[in-house]
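Step one of this worksheet: look at the structure below.
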Amino acid sequence: MVHIVDLSMFSAERLAHPVGLADALRHLELLLVVSNTDGAVAQIVRELLSVPNLFGFLISVWPNSKKLVERIFSAFPKEPALIPQSFVKDLLLKISHTLFSIPPDLLSTDLSKNIGQFRQYVDNVLPVLAMLCCADFASETSITEGRAESVDEDIPFLKQKVKKQRRKVKQAAAAVDPALFFKLGVPVPTTNETARRMANDIVEKLKLDLDSYLSALSSPELAIPLKNAYVQLLSDHSTRERPRTVVEPSTSVVVETQPSAYPTVQPMKAALYFDNADGFGEWRILIGTNATKKLREFRGSDGYKFKIVVKKIKELSNGHFSDDNQKRLDGARSGVPIFEAKMQRDLRLVYQIDCVPDHDGEIERQAIKIYEICTHTQLNRIWDAMNHHLSGKGKEYIQRCTYRNPPVHPGDKVYLPAVFPPEVHDVVVKPLPLALGDQEMDQLHSLLVLDKYITFSQALINGLIAMKDVQHVFELSPQERKIVECTTSCYVLGRSGTGKTTTMLFKMLGIQRAWQLHSEGSGMPRPRQIFVTKSHVLATKVEEYFVKLLDSLSLAGYTLDELAMLKSRNVYRGLVDNDDVPDAQSGIPQRYSELEDHHFPLFLTFDRLVRMIAADILDTDHPGAERATRLFARSQDPEVLDSFVTYEVFVHRYWPRLAHLTKCLDPWPVFGEIMGIIKGSELSLQFDNGTLDKNTYCSLSSRTNPTFSDQRECLYALFEAYSKLKRHHQHHDIADRTHAVLKALLGGTPLKGPRVDFLYVDEAQDNLLIDALLLRLTCSNPEGLFWAGDTAQTISAGSSFRFDDLKAFLYRIEVDQASHNVRERAVAPPASFQLAINYRSHGGIVNCAHSVIELIARFWPNSIDSLQPERGVVDGLKPVFFTAWDKDTVRYEQFLFGTSDSHIEFGADQCILVRDEKAKEKLQQQVGNIGVIMTLYESKGLEFNDVLLYNFFEDSTMDLSRWRLVLAAIDGVVEGYKPCQLQAPCFERDETRYVGLCRELKLLYVGITRARKNMWIVDTSDKGEPMRIFWTSRSQIQICTPETDVPHLAVSSTPQEWAESGRSLFQHKRYTQAMHCFGRANMPREVRVAEAYHFRELARATIGIALPSEQCRAFSKAADAFVSCDGEAPGEKLQYYRVAAECYVRAAEDRKAADAYLSAEEYELAAKCYRKAGIFNKTVDVLKSHSEKMSRESADELLTVCRLYYCSKDDEKPPSSLFSSLEEQLDFLEAYGLDVALAVLYESQERYVEAAELHLSEGKPLDAIRAFLKDKANQHAVRRAADILLGCLWEHCSFGVAPKEFRTGIPKTLISLSHQLPLDLLPLRVRDEIKMFQTVAAAEELDRATLEELAVSFFGREENTAALWCLNHVFSRLPHLFPATLEEFALFLRNFYTYSHLLYAVAFHNDPVGERGIRKLFGITQLSDDQYDLQAGSFILTTPNAESTTNDAQTNAPYTHGRVTDVLKERVRLHLRHQVNAETRLCYNAEIFSPCLSFVINGSCNYARCKQQHVPLSSLDPAQYNARVGIHLQQMRILQLKYSAFPGMRKWDGVKEEIANCIDHLYEAFFPPSHAQGSLADLDLSSIQNSYDGMRVMRNWVRSAIYSLHPRKSADFLSDILRLIKLSSVFGESDALRSANCVRLYRPVELFRHPGHYIVEDMIYSIQSFKDTSISAGIFGLQHIIRNNHRVNLSVLCDCIEETLSAFVITLRLKNNPGADSLHDVVLPRSWLIGNNKFDARKDVRFINHLLDDIQYLLEKLRSDGATENFSLMYRIVTPIHRNIFIARICRMLCLGG
């Protein structure tokens, strides 16, 4: 078929983008325009529906969706018969599925309700519509014929092939199924016309529903869910991206922005509802456990009976209630009837018409509950009791059970089940009890309590066929159903046996099955569910039960052949301790992050879960991560195993050492207080060490924490002593483990891997409260938490909290979480449920146990959770209290346990409970091995039919006066007791005195609740009297005295029962009791296995207590016992060998351990033990035969050890299997330490390169170089030798090492070897580096020219390391530059600047130590990431000069990265300053910076000691001028490097003088005293190297000098300010003058020519020439200077006169001769024309005569001898020669000015 819609345009990736969405919608609109037929519209809809969730998303976002809706209704079929095959059916079903998958909490209440109703109607109506259009309703017999045929039909799984003629007849006319009409709630039509009208009505209703559906899709509240359903889920389904997680670093926990599997909760109700088997009728069949067991027996032994029973059940399911099928069995004619159905002459089926809720809870429906399949003779009066009991449910229940619909056809006895609204429960009046015998009472208890009723589904039938050991979902009570169907987090509290684990398991199953039913095509991710408990046994049992439930669900779809193949899948696990099975063999990853969807649902112990989390944390850098992982690691290392403090370790190893603090205390509650309160409570999270301090603990409320409230000081002292011992042994306990992981997770280490969607914590009271936080961190769904438990059973060692504490703690976590994160929707608060019906024990035991709870709640209400009173379903025998036995005269044990000659044997399901191990040993000595004897602690988690609680009160640590407190709970009088005997102490007067009684009552509760049928309390001590009186006052016990008949205690058991009990006890690690059971079952193999495990327990108990030799003997005994055990199940014997090997390891018998590991097929561990034992030949054998079954790392390590062992022995040749070739042996010798032999072997084979590399690896570089040089024909060898040689030279001759060191020791040898290198084979860099070392080492006198040439070459190639090394040697002693020419000096400065700049670059490198070249230069060796070594005598360790400011001592300790960086930078910085200071002094003394003016003008100098350069006039030219300017700029750049390295120096007065001196020199270079030396007009910056950088430095200095100049601090302020005005004006820094303090603030009075006229400002205006009065300002300023005889530099003064005169000449010319040729025929120096502001004719020139008069005055003064007083020159005094020179200069100015 040709597709109309281009579905590629509607992909999730495209529609996620607005542009792609717009294109897709335009494409859809175009299709509607061109599609003219209804068929085309139908095809468009079908194609859009083919992509899950696409249609709903388009309708929700398409503004013009009404166009498509109109076309859909236009194409709606007109005939009802066409609808089942039309697109409308697909459209209704797909939209229904889409809307139903949206979480209900995202919808309004009305919309959610309508969606549910619409879906139910659509699902039910379409089959009815199809039947209305094809069935014939004309004949009244059509229904009965169809029904008769279905009744006569054979059982579905035993069908035989029918004849073709019969098949054709059945196909000709479709039979009418009334059940379909019944589901829809409409009557079956009786005529074809009625059927036609009904079909038309349905069509109209479907149109309305479709319109409602389409309107709902357009609802704004569904826009985001519909978008997420398509764009997000479909685009991410291949690589499921988990939601973003936020972990706050406090106790706030995990938040995920969008739950991934929440939609699975919505359809969960239907997921646990099962229809009858195929072909069965409308009556739902519920069949009990006993009846199912009978069917299974028939299936295995009597197939005919099996077929008969199933056929009878099928008849009943179709409502055939004939006289034989529904004969009332109970004698009563009222109440709830019990029926029997006759199957054979002596075979009966017993059942009841019950009324049960439908799966949606909206209605109740009649159903058939089958109790028994038995013979006629087995029927007894128990059914009268059943009627009697059921009638107690109320009148409404009786009426619903007895009501019958009218027959389907008048006159027949075929009925359909009635439907009722949800039941409104009557006030139930408990009927009077019937007098029943013990056996009948047990049977009634079994039928009503122990039996589970399951739907007679196809899965059940197929399971019976396959003889498959599976479990089926049974009917829940209304309260249990509420828990299972709860869509929020919940807390489920219930006493022992109330079904907490069942509800948890069924909820998991419902979510899993709902996902399976709805995941296909929806893209819904698999829900990640995890069940966590403390008990490994419980986790294993729950997982097995869950798997069996899942298996049962999968059976429904199997064929007969497939069922036959399933029979072989039932595998016995074997008699092994599951805790011994390695994690790697469990099929579950060892890391949490490796969990994948297929691993879920997951059933784990808390320890296993946190081990997985810790394995991930180990991969992080968090400081606490490694410790946390070590605490949780599951290791066979004895040291690791022994370091964990369990309760058993605490009792055996710690408690005896705490004896001085433990008087009158039991270890059990003490350990619980330490773990649960001091270390495991919520408050402990507030302390860094994870423990309460003493003040906090001692101030805890005695009401909320009554345990030890009167002994807090003593308890804390005991805790401190325990902690001290633990630290000494480096042990850790359960609280340490949890705190370690929490610290890592809350400290920022993320939980790797997606968090789970649903978390189920069973027996939560066995965990610490802090464990709850850790568990909460693993769950992303705040509404997916399920906590179940009973704090009345808080006897697990280390547990001590209430559920109210847990709720409050988790509430605070969620509140804190909500304050840090914003969710798209509000999180519903968790629900709380209580289960009060006890399914384990009958009412007699339950009532007695609850009375103990009442006592605890009365006196210590905050120590236990307040729950509804629990109740049993049926009454039973009250517990029996043996009393009044006289121990002095008669041994009452004889009455209970028999004499030594004929002692009583207790049965397999009976148990004797005692308080502790001491009491158990004492009783066993008295009565022998008469049955299962256990302590109360050992009994936790176990159940027995009969329990005898022995001497509980006698062995109590509470005295009689404290036990009498319970008498305060008695109301009224007690028959047989005087009021004084009932007097109780005042609890309120001294509450702390009785806190121990709370512990005692909890223990008593645990003991009572172990019993299912009979409870016997044997205690003759006075301390038991108060409880006996209390129970007697409530009629909750029977009293047994010597005068009464002693009840029959012992019950015989079959070997099978003993075996079952033994296996149960074995799984709970009760090995001595298991040995007893296996012995009674005559199972010697199992006895040996249990005994072996018992020996191991005894051996473990010796750790830390017995001598090491005794410990070894104990473990060796256990190991021998395991070796002697035989195995039956697959893998069982292997496990015994493995455990034996572990015991041998603990016994230090490595040889036996290795043999056992080898037998256990643990080849890696076997090889390691052989290695440890020194049996290397066996190690090699294991490696040879089984290396492929070992980890690659371990196999390689062991092979290496064997090779080393054999290769290091001279007298033993290695086995041939160790090396496959000579080359492999060479490689091995090279890799593992046999270097001497390997080197000889290499050289003998002329493999010099390998030999050299070996020498190098040994740390013998000189030998390596010599070996390489033996192979000079090999270019690689030569280059390798050169590289090693250079590395050594850099190491020994690093930066700062004196040349004399090159000529001794290792450097001398290296230089000698360097001359053997053929340099032509080496790269240029290597050649030059070798040459530079050779140059320095060559002679006493350093060849500076060669080094400078090499430095320039290196610097040009950006090899700065070598360039700096060369230049440091060049400038280590500065040259004598007195005779140097200008060009030579300029070259010197350029090289020195390069040198200084390279030093500066090192000193201010971000990470100099991180650069390999810098490390090489300064002799730094990297040892590790943060460890460095410095070569002895290196530059860093030797203070270069006296200016060092560090006190670092030369030590051999490694340097850290930070330390060596700081030291290096400081050393280089100081060296830079030292070198620049030396160079500066050299420059100051150099003649070249100060030319002699007399020599320049006159050609001679009369000063004999003249230190100025004598430059002939003939050599002066612009090049000379620019070169002189260049050396000044270069020197300023060098100085600037020093100042940048030490920024604070700029504030020093000496530095300011240095800068001012440089500015003065530079000024004279720019503006020489004589025009013959050049002028600014000759300046050519392009001819000066790096002039622009120098000019930048100069400008910066000038600006700084202007700001810092102060008249009082300057010796020649006037000359300084005039220079700065000139320089700033010429080079663009004039803006600084306007804000300088020396201009604005600090104005010397002598420099004012008139008030308000400051001559400095006059000179600024004159030189900057930007005002009309600038010339006149200059004239008046100069007049003030000249006339007032101010001291000034003569050259600077002449520069100012020349500046003013030049401005006058140019201005006058412009005024007199305006135009472009104003300066035509004017002869002026070029320097006079410099200045942008000079060419302005508007300037005032009126006062020129004043200037001329002043110049005349100046000339006259210069001619006099007094001129030297007011005038100065740089570095010289004003001599007559100088006066003549400046007179000539002034005259030249006058001549030029005309």
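Heads up, the Cβ atoms here are built off N, Cα and C, so glycines get one too.
Features of the protein shown, as given by TrEMBL:
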type	residues	note
DOMAIN	473-842	domain 'UvrD-like helicase ATP-binding'
BINDING	G494, R495, S496, G497, T498, G499, K500, T501	ATP binding site
Cβ atoms near T498 (ATP binding site) (within 10 Å, other residues, all chains): 26
Cβ atoms within 10 Å, counted per site: which of G494, G497, G499 has the most, among these binding-site residues? G494
Beyond the listed site residues G494, R495, S496, G497, T498, G499, K500, T501, identify every same-chain residue whose Cβ lies within 8 Å of the center of their Cβ atoms for the ATP site. D790, L835, N838, Y839, R840
For the domain 'UvrD-like helicase ATP-binding' (473-842), mean pLDDT (0 to 100): 80
Counting only residues 6+ apart in the same chain, whose Cβ is under 8 Å from the Cβ of T501 (ATP binding site)? L538, V542, D762, A788
Taking the Cβ of R495 (ATP binding site) as centre, how many other Cβ atoms lie within 10 Å? 26
With every protein chain in view, what's the tally of Cβ atoms within 10 Å of the Cβ of K500 (ATP binding site), excluding that atom itself? 25
Return the count of C-beta atoms lying within 10 angstroms of the C-beta of S496 (ATP binding site), excluding that atom itself. 22
